[in-house]
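Taken verbatim from Swiss-Prot:
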type: BINDING; residues: 9, 13, 75; note: Mn(2+) 1 binding site
type: BINDING; residues: 15, 75, 97, 149; note: Mn(2+) 2 binding site
């Protein structure tokens, strides 16, 4: 077997990058020739975590079939979120914590999906199940992933298992989860140097909801006005993306990590679905969603329901 490439979704976040690294490390310990790679540029939060725990940025790839015949997916399963030539390779494994959609394989595979807040929480179990000790820096990366996905344990996606795993990993890494976590989240929330096109692609995922093609992008900030003061440009870029990608709906979610509220900006012919999904009224294509921070648990399910049929 050729080298196995391990990667998460396009527009990678901290869980996608850190879990690819951590799982590749486990697989190598178990005798597999594995390499973590990425499908896009890393964000400021992820960069902070990698530097803190002495990890190299995984290699960027646009295709995989040109160098391997086997891959492992972490932190995603939906085809449109994965590498473009996924159908040309064999998917050996999937380790994920999201809904299963638009995914099928020609061969049997190992599929581990759990309703937890982060892929790294599952990896913590896999290390234990395989009797492999987690190295200090790898533990730090896995902790970073959990902090990121759970917004420092405040997200409704966060489970007791995530909190328990984070405590274990923080002890191994030798850091205080709360103080380190806040520093890491703040590093990711500094959006001042980012252009609007960059903000729309930092953490964007495409979904099929009923017969609709939907993209949801999310950024975290300590002040939503950092983004919304550029609303005119946001509207223009959203409309451009809708046209170029053939989207029915593009939802841009700006999340305040201090108040745990989000502001959404909607564009596309199906924009009214946002009103139905969240029982809000769009004013200038914009609405505030109180207490909403999780795309996976609080945005995707009601929007999917609103776009049925």
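The backbone N, Cα and C atoms fix where each Cβ goes, and this holds for glycine too.
Overlay of Swiss-Prot annotations on the structure.
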residue: 9; record: Mn(2+) 1 binding site; Cβ contacts under 8 Å, 6 or more apart: 16, 39, 75, 76, 81, 82, 205
residue: 13; record: Mn(2+) 1 binding site; Cβ contacts under 8 Å, 6 or more apart: 43, 45, 46, 75, 148, 149, 203
residue: 15; record: Mn(2+) 2 binding site; Cβ contacts under 8 Å, 6 or more apart: 8, 75, 118, 119, 120, 145, 146, 148, 149
residue: 97; record: Mn(2+) 2 binding site; Cβ contacts under 8 Å, 6 or more apart: 75, 113, 114, 115, 116, 117, 118, 119, 121, 122
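In three-state terms derived from DSSP, residue 149 (Mn(2+) 2 binding site) belongs to a helical segment.
Each residue in 8, 11, 12, 15, 16, 17, 19, 74, 76, 81, 119 lies on the same chain as 9, 13, 75 and has a C-beta within 8 Å of the C-beta centroid of that Mn(2+) 1 site, without being one of the site residues. The Mn(2+) 2 site, placed at the center of the C-beta atoms of 15, 75, 97, 149, has further neighbours from the same chain whose C-beta lies within 8 angstroms: 8, 13, 16, 19, 74, 96, 98, 117, 118, 119, 120, 145. Reduced to three states, the DSSP call for residue 75 (Mn(2+) 1 binding site) is coil.
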